[in-house]
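Take a look at the structure set out below.
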Amino acid sequence: RIKIKRLYERNVHARIKLYRYIVFHLAKMATVNATLESVVHQFRHFSFDTIDYAVFIVLLSISLLIGIYFGFFGHGADNTEEYLLGGKRMKTIPIAISLVASQLSAAAMMTIPAEMYSFGISWFFSIASMALITPVLCWVIIPVFYNNNISNCYEYLELRFNRNTRHLLTFAFVFTIFLLLPVYIFVPSLAFSQVTGLNIHLINAFICSICVIYTMLGGIKAVVWTDVVQGALMIGSVALVCVLGTIKVGGVGEVLNIASKGGRLDVSFSFDATTRATFWNTSISGFILWTAYVGLNQSCVQRIVALPTLGHVKRSLMFFGAGVIVIMLFNCFVGIAMYALYHDCDPITLGYVQKADKMMPFFVEDIAGHLIGVPGIFISSVFSAALSTMSANLNALAGIVYLDYIKPYIKHTERKANYIMRGFICACGVYSIVGGLVVEQFSSILQLIYSIGGVTMGAVFGVYVLGMLVPRVHGRAALWSVIASMVSMLVIIGGAQNRLHYTSLPSSIEECSQENINNSIFSNSTSTLGNLPNSAESESFCLFDLSFNWYVTIGCLIVFLVAIPLSYILPAEKDYKLNIKLLSPVLHPFLNYNIVDMDELPELKTVKEF
């Protein structure tokens with residue numbers, strides 16, 4: 001027992017060796033010893049002590065108290081404008097941090113390192129595209145909303161095209177967020193379950209309840225200020241894990257050397273459309289997806305237009321872009337360091353971790369488990385990321401559903417509006433808990449997110465770009481192009497289910513215990529096909545084998561290919577008239593149009609009166 005205790009206190013390699021030794025001899029002797037069973041159970045479930053629980057509870061309490069403050073004392077929900085836009089008096093830095101926090105979701109904190117660990121750095125180019133996205137948002141897209149006093153980005157589609165296009169894209173937003181809500185909160189529950197052994201669905205229910213309460217009570221102000229607290233914790237946690245992991249391996253040079261030998265630094269420039277991740281599909285899809293999510297998605301636009309002026313917006317977006325690149329760079333490097341540490345003793349192959357999406361909690365416990373409170377800080381940061389993303393989407397979703405689908409059919413009062421939006425947020429929380437049962441069945445969370453977003457995000461990006469940059473396109477052409485894109489992507493993504501089963505790059509267990517390694521009941525075979533799907537063995541190309549990283553690009557391309565020709569073939573609506581104020585400022589020099597001051601424009605209503 002003394003020997004077991006000493007070995008348990010050492011690093012994960014000693015734990016693995018001891019664990020395999022115990023299991024082998026138990027099987028050999030066909031004996032069950034209660035003491036050894038207890039020790040083995042400890043190896044399977046990392047400890048989460050009192051201090052870690054205390055850190056976790058403190059964080060949730062802060063988020064809850066912020067919601068209570070703005071709900072009851074901070075005048076955060078007096079009317080719909082205050083509830084959804086904070087009276088358009090929000091500050092630059094808090095909005096920037098809030099945007100960063102919502103992009104660094106729990107899925108990002110868990111799945112991006114897992115992606116680097118299993119498939120290498122190709123996905124990083126999706127983040128690198130942010131250097132181009134920020135200027136596009138600042139000078140091409142967001143000024144259109146501000147110069148027309150638009151607070152609901154889907155209102156733009158009605159003004160530029162027609163009401164049907166607006167309703168279709170609004171439905172697409174609601175549909176996409178509904179599918180993603182269970183994913184956002186399930187991922188941190190996965191991490192918590194990994195380190196504590198608690199039932200994942202009970203955790204899911206508890207955390208969803210906390211998020212719903214503070215979002216429901218405090219509105220957009222509670223969302224933003226909880227994001228500030230949670231964002232600071234996330235940034236510090238990711239940086240700490242990155243530094244500790246690098247030190248554990250032996251420095252940056254050693255991490256890069258091991259990763260290079262293991263193929264994790266290789267970048268594919270292949271034009272093969274079935275290759276999982278290449279420079280081309282990650283960078284192009286990253287640009288489209290991030291632009292659509294940050295600049296053309298109501299959950300983000302709602303916070304952006306809560307700033308008082310366009311100057312504040314540009315400064316906030318610059319801070320946001322720099323922050324996302326830095327934080328995601330840390331996050332990607334964590335995955336590389338993770339591989340460097342376990343390159344010769346892979347916990348997934350040995351069965352200590354079920355899948356790559358659960359590697360981060362295992363890694364953190366190994367490198368920082370001896371530091372008091374650090375596991376608790378990390379798990380808290382993962383939940384912070386989930387709470388940030390989910391609360392922002394809940395707030396935006398409640399506003400969109402009320403304004404577009406409920407308000408036109410009832411006698412509106414501010415009191416009634418607040419009750420309805422809060423009730424809707426509660427219903428979404430219940431749905432997210434139940435939806436976790438479905439999310440649990442998917443093997444790759446990152447692939448799941450890209451598949452869901454692939455149905456609508458390409459069409460969203462395409463139709464807004466056409467509206468702002470192509471004056472010729474009218475409402476009928478835009479509507480049919482969006483329909484064509486979404487239907488096509490539903491067919492492609494639906495047909496791809498159960499076909500795209502990518503196998504990770506090779507890993508090794510050669511430095512684990514060699515004695516009877518082949519007899520281990522926990523080992524499993526691994527393939528070395530790497531970036532190719534199993535279906536790639538066939539020489540003929542099948543559209544359903546298309547890499548999920550191409551989904552948003554294909555969806556966007558379909559919009560362009562359908563809308564532009566139809567604009568010449570189909571006549572515009574009889575009452576259609578292009579308002580050049582709805583075009584991007586980058587076209588104004590060619591149209592001899594000077595941007596008028598926002599105060600000179602008539603106020604546009606969020607929803608056209610019925």
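Keep in mind that glycine also has a Cβ here, set from the backbone N, Cα and C atoms.
Residues annotated as transmembrane segment in TrEMBL: 21-41 (among others).
Here the transmembrane segment (53-72) has Cβ contacts under 8 Å with residues 207, 210-211, 213-219, 221-222, 225-226, 229-230, 233, 373, 376-377, 379-380, 383-384, 387 of the same chain, all six or more residues outside its ends. What TrEMBL records for 53-72 (among others) is transmembrane segment.
Summarising the annotation, TrEMBL assigns transmembrane segment to 93-114 (among others). Within its own chain, the transmembrane segment (93-114) is flanked in space by residues 123, 183-185, 187-188, 190-191, 223-225, 227-228, 230-232, 234-235, 238, 293-294, 299-300, 303-304, 306-307, 315-317, 319-320, 323-324, 327-328, 331-332, 334-335, 338, 356-360, 363, 381-386, 388-389, 392, 444-446, 449, which lie at least six positions past its ends and keep a Cβ under 8 Å from the stretch.
Summarising the annotation, TrEMBL assigns transmembrane segment to 120-146 (among others).
Marked as transmembrane segment by TrEMBL: 167-187 (among others).
Beyond its flanks by at least six residues, the transmembrane segment (232-259) meets 59, 97, 100-101, 104, 109, 265, 323, 327, 330-331, 333-334, 336-341, 343, 363-364, 366-368, 374, 377-378, 380-381, 384-385, 388 of its own chain at Cβ-Cβ distances under 8 Å. Marked as transmembrane segment by TrEMBL: 232-259 (among others).
Taken from TrEMBL, the feature transmembrane segment covers 279-296 (among others).
Within the same chain, residues 92-93, 96-97, 99-100, 103-104, 108-109, 112-117, 121, 123-124, 127-128, 130-131, 133-134, 137-138, 142, 234-235, 238-239, 241-242, 245-246, 248-249, 254-256, 258-259, 262, 264-265, 294, 304, 359-360, 363, 366-367, 507 sit at least 6 positions outside the transmembrane segment (317-342) and bring their C-beta atoms closer than 8 Å to a C-beta of that stretch. The transmembrane segment annotation in TrEMBL covers 317-342 (among others).
What TrEMBL lists as transmembrane segment is 419-439 (among others). Remote same-chain partners of the transmembrane segment (419-439), defined as residues 6 or more beyond its termini with a Cβ less than 8 Å from a stretch Cβ, comprise 80, 83, 178, 181-186, 189, 200-201, 204-205, 208-209, 211-212, 215-217, 390, 394-395, 397-399, 401-402, 406, 445, 448.
Among the features that TrEMBL reports, transmembrane segment is placed at 445-470 (among others).
Feature annotation from TrEMBL assigns transmembrane segment to 477-496 (among others).
Tertiary neighbourhood of the transmembrane segment (548-570): same-chain residues 273, 276-278, 281-282, 284-285, 288-289, 292, 447, 450-451, 453-459, 461-463, 465-466, 470, 472-474, 476-478, 480-482, 484-486, 488-489, 492-493, 496, 500, selected by CB-CB distance under 8 Å and a gap of 6+ residues from either end. Summarising the annotation, TrEMBL assigns transmembrane segment to 548-570 (among others).
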Does the structure show the transmembrane segment (477-496) and the transmembrane segment (167-187) touching, where I'm treating 3 or more Cβ pairs under 8 angstroms (sequence separation 6 or more) as a contact?
yes
For the transmembrane segment (120-146), find every same-chain residue at least 6 residues outside the stretch whose CB is under 8 Å from a CB in it, and list them.
112, 153, 156, 263-268, 277-279, 282-287, 289-291, 294-296, 301, 304-305, 309-310, 313-314, 317-318, 320-321, 324-325, 328-329, 332, 336, 446, 464, 468-469, 505, 531, 582-586, 595, 598
